[in-house]
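Chemist: According to TrEMBL, the protein carries these features:
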type	residues	note
TRANSMEM	7-29	transmembrane segment
TRANSMEM	140-168	transmembrane segment
TRANSMEM	202-223	transmembrane segment
TRANSMEM	229-257	transmembrane segment
TRANSMEM	277-296	transmembrane segment
TRANSMEM	557-583	transmembrane segment
TRANSMEM	604-623	transmembrane segment
TRANSMEM	629-649	transmembrane segment
Amino acid sequence: MKRIFVVISNVLVCCFFTWVFTIISATVVSRYYPFVAVRGNASGIQYKKVAEKLTKLANETNSLIAIQHYEAGSNGDSVVSYNRFGKGKLPRGLVEKADSKQARGVESNYFIFRGKLTVERLKEELNQLGLTHLSVVKPFLLGSLAAIFGSGFQLLSLFIFLLCFAALSVISQIRALRTAGIRLISGEHRWKIFTDPIKEDFLSCLLGIFPALLGAVLATFVFSFPFAALYLMVVGIFVYNLLLLGISFNFCALFAIGIKKVHLMQVIKGQIPVRGIISLILIGQLVAVIIVSLGINRAFIYSKAWQQQEKGRQAWAQESRLVQLTRSRDGLNIKRSEKIDPKEWRWFQFVKEAVAKHDALLSKHNLVQQVFKQPTERHSDWQDYSPQGNVLFVTPNYLQKQGIKLDSAIREKINNLQQGEFALLLPESLKAEQKKYTVLYEKDVSIIASRQGEEQQKMKAIVSYLPVNQMRFVYNTTPIAYQQYLKDPIIVVLTPQSTGEQSYEFWSNALQNDLLLNGVKETQELLQKYQISHWASELTPARLVYRRIVEKLQIEIWTTIAGAVLGIVTSILLFNTMNLLYFEEFRRDIFIKQVSGFTFWELHHSYLLAQLLVFFLGLLASLFLTQSIWLSFIVFLLFTGNSVVLLQLQMKKESKMSVMILKGA
C-alpha cells in the first residue's frame, strides 16, 4: 500500500510541476539564473550604447549575457525573446531576438547565463551607464521550490501527501512492533528491527523517482520547457522523496528509542509505549481538520466568484473585438517629476486617437479597491456614491454598446464633449441630491483633468438621469474582483479630448486595466504609427482574458474540492492508524473491561475525549481562518462521526480476536 502511494504521489508531483511550468514557462528562467532588474533610465541612454558596453563586458569576463524582451506578436500574444552578448548559445528553450537592432528598450532584465561575471559587477556597470532602480536577483533553488509549493492547492496537497505517508509509516512500524519481542530474544538489534521499513521506503522512493523523472524529461521536450524548468523539476522530485524518507526515519527513531525504555518481558507481552505516537497522530488530525475546513471554504468562495463571472458570459460573448494591452517594463514610467514624461505623453496621444477614431472603450470601476477594503462584502448593489464607490467612468461609446437610452439633446452633447465638459448620469433615486453630487464630481473630475502642482482645470458637468434598478455591465477583466455588473451606479462620461492634455496620467494609467482597444490588427497599426510597438508586451482579446479567469476559477474549485476529499481520506487513514496504536497499547485492558460488562463509552471515553478535544481545537482554528460557523461545525461533526464509526468497526475486529488475545496475554 505504501509503495503504491509513493509511486503515485511521485507521478502526481511530476504532473503538478508540468502544469505549473506550462503557466509560468516565460518566467521560469528568472527562478534559476541570476539577473539584474532595471526599472529606470534617468540618463536616457540608447540601446546601442548599452549593447556596446555589454559586448565588451561579456568578452572581458568570458561570459554570456542576455537582455530579456517582452513584445506583442503578430496575433497579439506575448513573445519573450533575448538579445545575446558574448560567445555561446542561449540555454535550450530560450528564443533569440531575430533583429537585435529593433530592440530599443533598456529597462528590462539582464541575465548572466554563464561565465565569470557576477551580478554585482553587472549592476555596477549598468549603473555607470545611467540606468537606475537596479535590483540584483540571485535565485535560491530551495527558495524557488518554496515559491512554487508555498501557497494554495499545491501547499495543501503537499501537506496531505506527507500526512498520508506518515500514517502509512506508523502502520509499517506497528507491524514491526508485533514481532519485536521475538526478534529481540533471537538477538536482533532494536535499530535493525525498525530500520527495515526505511529500507523498504528507500526502494519505494527509487521506484517512484524513475517514472517521475521520465515524465519530467518527456514534459520538457513536449512543452519545449527551458533547461531551468527540467532542473527545478528534478530537484523538486528529489526533495519530495527526501521529505518522505525523513518522515520514515523520524518514526523509526521514535519507535527504536521508545522500545529501549521498556523491559524485554513487557515487549514480549505486547506492552509497547505508543502513547507518544498517538499524540503525534492527534496533532495530525488537528492539521487534517484545518486542511479540510480551508479546502471546503475555498471551494465555496471560488464557486461564488465563478457564479458572479458567469453572469457576464452572454455580455462578453458579444465583444469579440475588444483588446487589452499590456505594457512592457520599458514602456512604463516609474518616476514622478514636474516635467511631462515623454513616455506618458506618447501613450496619451495614442489613447486620444484610439478613443476618438478607433472606438476604444473606457470602463473604470472601483471594485478592486472595495475588495481590499471589505473582502467579504458583495458590491453589485452598494449605496456609496462617492467617487471611490458605486461609480463607473466610461467613454461615450459605452452608452451605445449597452443600449442606454438618453434624451437626444443630452446624447448629442455627450457624443461631442468639449474640453472642460463631462457627463454626469445619476440614478433617478439621487435626483433630490443632484446639486451635492454635481459639486462632488466636478471637483473630482477636475483633479483627474489636472497635473499635480499646477492650477486645476475646471470641469463642468452635463447632468442627466437614468432609471433605477438597472444592472450595468462593467467589462471587468481583473482577477481580484469577480463581479461583472453594478446596480444603478453613477456613470461619468469623459474623453481624452474633454479632459485635456493635462489628464495624460489618468489616461495612461487607465490603459493598463480599464481601457479596452478595438481590434488586434488596428491596435498594432496604431502602435506602429506612434512608434511604441516595443512598449507593448501583449495584446490579448478581452473576452479571452475573461475566459481565462473563469477557467482558472473552475480549476481552483475542482482542485480545492480534491484537496478536501484527499484530506478526508487522509484523516480516515490517520483514524485507522491511531486505532491500531490504541488497541496495541491497551488491548488486554480493553478486553478485560469488555468481559466485565463495560459499555462502549465506559471503555473508550478517555480516548474519545482526547479526540474531541483535538477536534474542538480544530473547530476554533477553522472558525478563525474561515470566518464560517456552519462550515466549521459541519467539519467538526464529520470528524467526530468518523472517529466513533471507525472505532466501533475496529472494536468489532478486536472482539473476533478475543480468544487469540487471551491465549497471548
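Positions of Cβ are set from backbone N, Cα and C atoms, glycine also.
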Chemist: Counting only residues 6+ away from its ends, which parts of the chain sit with a Cβ under 8 Å from the transmembrane segment (202-223)?
Modeler: 2-3, 6-11, 13-15, 17-18, 21-22, 25, 229-230, 233-234, 237-238, 241, 244-245
Chemist: Under 8 Å, at least three CB pairs between the transmembrane segment (140-168) and the transmembrane segment (604-623) (pairs 6 or more apart)?
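Modeler: Since fewer than 3 Cβ pairs under 8 Å link them, the transmembrane segment (140-168) and the transmembrane segment (604-623) do not come into contact.
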Chemist: So which of 7-29, 604-623, 629-649 has the most C-beta pairs under 8 Å when paired with the transmembrane segment (229-257)?
Modeler: 7-29
Chemist: In the same chain, who gets a Cβ under 8 Å from the transmembrane segment (604-623) while lying at least 6 residues past its ends?
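Modeler: For the transmembrane segment (604-623), the far contacts come to 282-283, 285-286, 289-290, 293-294, 582, 590, 629, 631-633, 635-636, 639-640, 643-644, 647, 651.
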